[in-house]
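Before any comments, here is the structure.
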């Protein structure tokens, strides 16, 4: 679907300030994204989520991430993620390809 190398660059530029993506990695301002794919919203152990994230009740996958990453506050009103989103579909596809590759168990 997307390009993993391009996705890595997007992660470094737009995500790494607040997120890690490594097994056993620490939470930053945002949760460690390792194991994100297939996990329900608000479920990274040891991270303090808003009720909005905990109660959304969806499982992260390509489709849900495509929608969320376009406009996080619209997808989960009340989230504390301050990122405005990635409007370009191709960039979202690249980022998701990277997340699936680098952050999967």
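Quick reminder: no glycine exception, Cβ is built from N, Cα and C everywhere.
Values in this document were obtained by computation on a predicted structure and should not be read as measured data.
Note: residue 2 (N-acetylglycine) has non-local neighbours 90, 92, 93, 94, 95, 96, 97, 98, i.e. same-chain residues 6+ apart with C-beta under 8 A of its own C-beta. The feature N-acetylglycine is assigned by Swiss-Prot to 2, with a curator's inference given as support.
Look at Swiss-Prot and you will find 15, 18, 19, 81 tagged as heme c binding site, backed by sequence analysis. The Cβ of residue 15 (heme c binding site) has 20 neighbouring Cβ atoms from other residues within 10 Å, across all protein chains displayed. Taken residue by residue with DSSP, residue 15 (heme c binding site) is part of neither helix nor strand, so it is coil.
When secondary structure is read from DSSP and collapsed to three states, residue 103 (disulfide bond) falls in the coil class. Close to residue 103 (disulfide bond) in the fold, though at least 6 residues off in sequence, lie 21, 33, 34, 35, 36, 37, each with a CB less than 8 Å from its CB. As annotated by Swiss-Prot, disulfide bond applies to 21-103.
Within 8 A of the CB centroid of the heme c site residues 15, 18, 19, 81, the other residues of that chain are 14, 16, 17, 28, 29, 30, 33, 83.
Among the listed binding-site residues, namely 18, 81, the Cβ with the most fellow Cβ atoms inside 10 Å is that of 81. Long-range Cβ neighbours of residue 19 (heme c binding site) (same chain, at least 6 residues apart, Cβ-Cβ under 8 Å): 11, 28, 30, 31, 32, 33. In this view, residue 21 (disulfide bond) is surrounded by 20 other Cβ atoms within 10 Å of its Cβ, with every protein chain counted.
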